[in-house]
Amino acid sequence: MLAEFINPYYLQIGCFVLINIILALSVFVPLSTGQLSLASAGFMGLGAYTSALLTIHFELPIIVGVIAGTLIAGLFGILIGVPTLRLQGVYLAIVTLGFGEVIRVVFVNWESLTKGSVGISGIPHIGREILKTFKEFGFNPQSLGLQNNQFIFLSIFFLLLVITVFLVWFFRRQSRSRVGRAYAAINLDEKAAESMGINITYYKVLAFTQGALLAGFAGSLYAHVLAYISPADFSYHRAVDILVFTIFGGSEVIWGPIFGAIFLTFLPEVLRFISEYRYMIYGLMIIILMAVRPQGLIDVTIINWIKSKVSKRGVKHGSRSEKSM
Amino acid sequence: MKRTIKKVAQFSALASMLALAACGGGGEQTSGEADGQATDGGVVKADIGVVSYLSGSGAAYGEAITSGLELALEEINAKGEVEINLIIEDSAGKQDQALTAAQKLMNSENVTALIGPTLSTEMNVVGPEADLNGVPTIGTSTTAEGIPQIGEYIFRNSLPEALAIPASIDKAIEKYDAKKVAILYGNDDVFTKSGFDTMKAAAEEKGLEILTIETFQKGQSDYNAQLTKIKGLNPDLILASALYNEGAVIMDQARKMGIDVPFVGGNGFNSPEVIEIAGDAADGLIVATPWYAEKDDPKVQEFVSKFEEKYGKKPDQFAAQAYDALYIYAEALKNAGSNDRDAFRDALAEVKITGILGDFAFDAEGDVIMTPTVLVIEDGAFKVFE
C-alpha cells in the first residue's frame, strides 16, 4: 500500500499539480483586482531561466537561484504593471500576451546566454540535490526502506506541498485582510474604490506584481524539477493552459483555481487509457463547462453550500454571518 | 424552482466528473495488475514501454512510429523467439507529459526498456530520469546532438544530424565543386536550430565560405527578404535547415525568384511531402537519409509492401527507424536471455543486426554507426545522388 503510494509516477503528477496550483494562483491574484494577465508564461520563463542560469554558471545553491528567479520576475512585474495600469480587460490581456511573446523571442534569440531554442539541459534537480545533502549527513534512504528515486520524488513532493499550502494559506489570509478587501473593492468598481480613499495605483501594481512573483517562483521550481527548459515551454500555449486552470475552476474564490489546477492536471493522466482521444475529452469538458457555468466550477454559492452541508452534520463551525472568503 | 434546477445541474456535473475520474482510476489499476510477466523456461517475455507523440501538432510522427513498431511486433511475436508486449503512452509533444508517461511505464508498469520519446526536447527530460532508474531507452527519432551522451542506458538508432548533414554536404561539394554557401535556418525550433549548428560546423570544416546566415520562424510564409539577399550574393549551394513544410515553400519561392542552385537539407527536410507541396521547384534538393524506400533489397521491399497493405501509405523514415528499433530490442532480449534491465542493457550495447536501414551497430556511447544514403530530388522523385 505504502509502496504503491510512493510510486514516483504518482509523485511526479503530484509535483506538477502543485506547480500548476501556484501558476493558477498567479493568474487568480491579479484577476481578483480585475486585471486579466496573460503574462504568466513569460514571468514563469523569466524565473526558470534566471534560476537555471545562475545555478549552472555560478554554482549557486538552488534556493538562491529560486529566490533570484522569483525576484527578477517580480521586478518585471512592476515594470509591466505600472505602464499598463490604465489598460483594462482585453487590452491588458493583449499587452501581457505580447510581453510573454517578447520574453520567449528573447530566449530564442539570445543564443550566447540561453542556447536559443535548443534549450538548457543539466539544470540541478531539486530532489537529487536534497538526496546528496542528506547523504552528506550520513542519512541513507534505504534505512527507511525507500529506493533512491522514491526518496527523490517524495522529498520534492513534500517540499512543494509545504510551499503550496503556505502560499494558499497566505493568499486566503490576504483576501480577508485590508489588502484583500481593497482588491475586492477595486474589482467591483474602480472609481468607487478610489473615492473611498483606496490607493488603486498601489494595489493594482501590488496585485500584478504578486502574480508575477508567483509565476516566477513556479517557473524556477519547474526548471529544477524537470532539469531541462527550452523557450517552447513558455509559449502562448502555456499562458492559455494557466488561464484555463483559473477560468475552469472559477475565479471568485481561491479554491477555484486550486481545484482547476488539480482537476485539469489529473484529467489527461486519468484519461491515458483512451490515448490519443484524451485531449478531445479535455477540450469537450471545457466547452461544456463554459457553456453551463461561465463563472467556473467553484464559486461563492458552492462554497457556501458545502459549508452548510458540513455544519448541518454538526461539525464545529464559525459564525455563519462571516462572508466566505 | 430555478435555483433547484441549477443545483441539480451543478450536482450532476460534479457527479459525472467524479464518476469519470473514478472509472479512469479503476481502468488504470486493472491494467497495472494485468502485467507482471516474467521469464519462464522457454521464451523470454518482456514489456517494452513506448512514449510517443500521438496527439497534437506532431501526431503524424507518433503515428508513423507506432505503426512501424506494431508491424515489427507482429512479425517478432509470430517468429516466437521472444515475446514482447508493447505498452504505448502519449506524450502530446510536451516535456512534462513525456516525463509522467515515462514514470508511469518505468514505475507502474515495470517495463524492461523504453522506446521513445519522439522529440529530442522530450528525450532531454526523460533520458536522465530513465538513466538514473537504469531503464534502457532507445530514441528512434531523436536526431539532436548529445542524446546518447545523457547516460549509458540511453541509445538511439536514428541517424543524427551530425552524420547526415556532413555526408550530404560532402557529396554536393564533390559534384558541384561548391566554394561559397548561404545558410538559411529556422531559429525557433530545436530541430532546425540543432541542424543549423551542425551545418555551420560542417561548412567551416570543409573550408566553405559562408556568405550569409539567414533565419526564419516557424509558420512563416514569405521568405522573399532572405532569398533576395541570398540571390544577390550568388552562392554555389544553399544549406537549409528547415522542416519540410517551411522548406518546401522556401524552395518554391527561391525557384520563382530564379535561384537555381541546389539546396542541401537536414533530416526534417527529407519528406515526400516536399515534392507534393513544391512540385517541380523541389528538384535539386539534396538530403542524406538512413531510409530509402526504393532500395533494391528484398527486406526493404517486403517491409514497404507489408506496410502499405496494412496502413494504406508508404512508410517514411520514422516508421522504418521504429521498425528496426524493435528488431534491435528483440535481438538484445534474445541474447540477454532474461528481461532484467541490466542484462538487457549489456546485451543491447553489443547488438549487431542487418535491418531495413542496413547494417547496424551502436558505438561506445550508444550512438549509431551507419553510412547514410544521399538522395536528390530529380524530376519529382527521390533518387540516389551520385
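Positions of Cβ are set from backbone N, Cα and C atoms, glycine also.
What TrEMBL says about a protein is an automatic prediction, not a curated fact.
Outside the transmembrane segment (A:6-29) by six or more residues, the chain places 37, 40, 43-44, 146, 149-150, 152-154, 156-157, 160-161, 163-164, 167-168, 171, 207, 210-215, 217-218, 221-222, 225, 242-243, 245-246, 249, 251, 254, 256-258, 260-262, 264-266, 269 with a CB less than 8 A from a CB of the stretch. What TrEMBL lists as transmembrane segment is A:6-29 (among others).
Feature annotation from TrEMBL assigns transmembrane segment to A:36-56 (among others).
Per TrEMBL, the feature transmembrane segment maps to A:62-82 (among others). Away from its own ends, the transmembrane segment (A:62-82) comes close to residues 39, 42-44, 46-52, 54-55, 95-96, 99, 124, 126, 129, 204-205, 208-213, 215-217, 219-221, 223-224 of its chain (Cβ-Cβ under 8 Å, at least six residues beyond either end).
Taken from TrEMBL, the feature transmembrane segment covers A:89-107 (among others).
Annotation source TrEMBL lists transmembrane segment at A:151-171 (among others).
Annotation source TrEMBL lists transmembrane segment at A:205-230 (among others).
Annotated transmembrane segment per TrEMBL: A:242-267 (among others), in sequence order.
Residues annotated as transmembrane segment in TrEMBL: A:279-306 (among others).
Against the transmembrane segment (A:89-107), stretch A:36-56 shows more Cβ pairs under 8 Å than any other of A:36-56, A:151-171, A:205-230, A:242-267.
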